[in-house]
Protein chains: 2
Amino acid sequence: MSKKKPLILVTNDDGITAPGIRHLISVVKKIGDVIVVAPDRPQSGMGHAITVNDNLYCDEVHLDDEVKEYSCSGTPADCVKIATQEIMKRKPDICVSGINHGSNSSINVIYSGTMSAAVEAGTSNIPAIGFSLLDYSMEADFSHTSEHIAYMVNKVLEDGLPDATVLNVNFPKKSENDIKGIRLCRQAKANWVENFDKRQTPTGRDYYWLTGEFVDHDGGKDTDEWALAQNYISVVPVQFDLTAYHALKEFKNWNFED
Amino acid sequence: MSKKKPLILVTNDDGITAPGIRHLISVVKKIGDVIVVAPDRPQSGMGHAITVNDNLYCDEVHLDDEVKEYSCSGTPADCVKIATQEIMKRKPDICVSGINHGSNSSINVIYSGTMSAAVEAGTSNIPAIGFSLLDYSMEADFSHTSEHIAYMVNKVLEDGLPDATVLNVNFPKKSENDIKGIRLCRQAKANWVENFDKRQTPTGRDYYWLTGEFVDHDGGKDTDEWALAQNYISVVPVQFDLTAYHALKEFKNWNFED
């Protein structure tokens, strides 16, 4: 009995030529038929931005003989929308985003274009995984991620994902030590404390570069930060129902009229 | 006994000159000392984008004699970061964002620059509320929102908000019917189904405009969509820990190594 090959949508936020997405494509093209729709330039830190005040280009490009690819002028979330509504002939069986050059663990998930692409797919009931590597370098070594990506993509293709949930997967940076395994985690409580670098233009106008320091307030052994520090791959199931259900009862003093 | 006046940070995503933010400023300047740091141009649909590959300008502008205001070249999230780290002398007692020209109910929360500004403040433990009106028009009538905004801002200043939670407040469009009151809600399950408008440039290159249809799959009477349809103001407590805790148990088949 022959099984139909799965249809896999690949996108990212570092742009279609970034080494991270090229590595991801090389892994998943062994698993199914791959369509790539990815930004035509870096879109890091774009969060869940979409393009509402400008038009979008989405042009076919030829970078890999085995894969159909489109370079899109929009954000990662735009790429998923245009891929699923305009480019692909049927709904993909899975959407994979990344591999991001840099961490999307903990609070970084809310700024991440990589994860927003996965979330966008999730809102249309497409199982989705965002992959990130804790190495910002464009020369980063992704070789240790391949077998784990193949395992996780196959697992999701077989079992699906819980309703309204996508996966945020972060890989430790390549080192001499072997990856210890995969850990299911919660998002560590953390935030960024900014430290703007204030400068002046040659004509004397102040401007700023956003820089900051990541502060982990958590330290729990069930968090993604802990797992990554121990050389585990972290997997956090991420939801897009943002309702703070546990907080609903704390508004008793409010005057809710009927 | 004199109480110190609260310090209120105001931002939005429609830009510093939009009628929605001007209305919000007119309401909250009666409650405390107001500092405005808002985008210098419309930033709708920017989600939680931040500016990492470009520098930021943040220039003082004079639009209201009673209020100190800065026009920023960045996203709504950038505005909150630069306001709290560079502009303001102390941590604000509350951050209010909006009033957005258009709904941020249901799944729209993930695309919303208005709400991302509130979430950004929340990540630094600043109580925050995002306000939106179900009217996209730049001529929208905000008059029916004033007393309710004042009530909610005062309530949050008095009681604070549950840990790691911000509020997503949506107002029905102004109509002949009175607002029925405020409802505490959960985010309705819904998504957008895109319908790209495909065109050609004069030289024959395809391009697209993102358009789509909002589809509510929910209908629950405890949702924001239901409340708004009944002419209530919807209040959804929003969290930025995106971990799908309820889903953690569903990964038993995975090979988690130790």
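Any Cβ shown, glycine's included, is placed from N, Cα and C.
Note that TrEMBL annotation is computational and uncurated.
TrEMBL annotates A:D13, A:D14, A:N100 as divalent metal cation-binding residues; of A:S44, A:S71, A:S73, A:S124, the candidate listed for that same site is A:S44. Within the same chain, residues at least six positions away from A:N100 (divalent metal cation binding site) with a Cβ under 8 Å of its Cβ are A:N12, A:D13, A:D14, A:G20, A:S112, A:T114, A:G130, A:F131, A:S132, A:L133. Within 8 Å of the centroid defined by the CB atoms of A:D13, A:D14, A:S44, A:N100, the record's divalent metal cation site, lie the Cβ atoms of A:N12, A:G15, A:A18, A:G20, A:P42, A:Q43, A:P76, A:G98, A:H101, A:G102, A:S112, A:G113, A:T114, excluding the listed residues themselves. Local packing around the Cβ, expressed as the count of other Cβ atoms within 10 angstroms, is greatest for A:D13 among the binding-site residues A:D13, A:D14. In sequence order, A:D13, A:D14, A:G102, A:G113 constitute the residues six or more apart from A:S44 (divalent metal cation binding site) in its chain with CB-CB distances below 8 Å.
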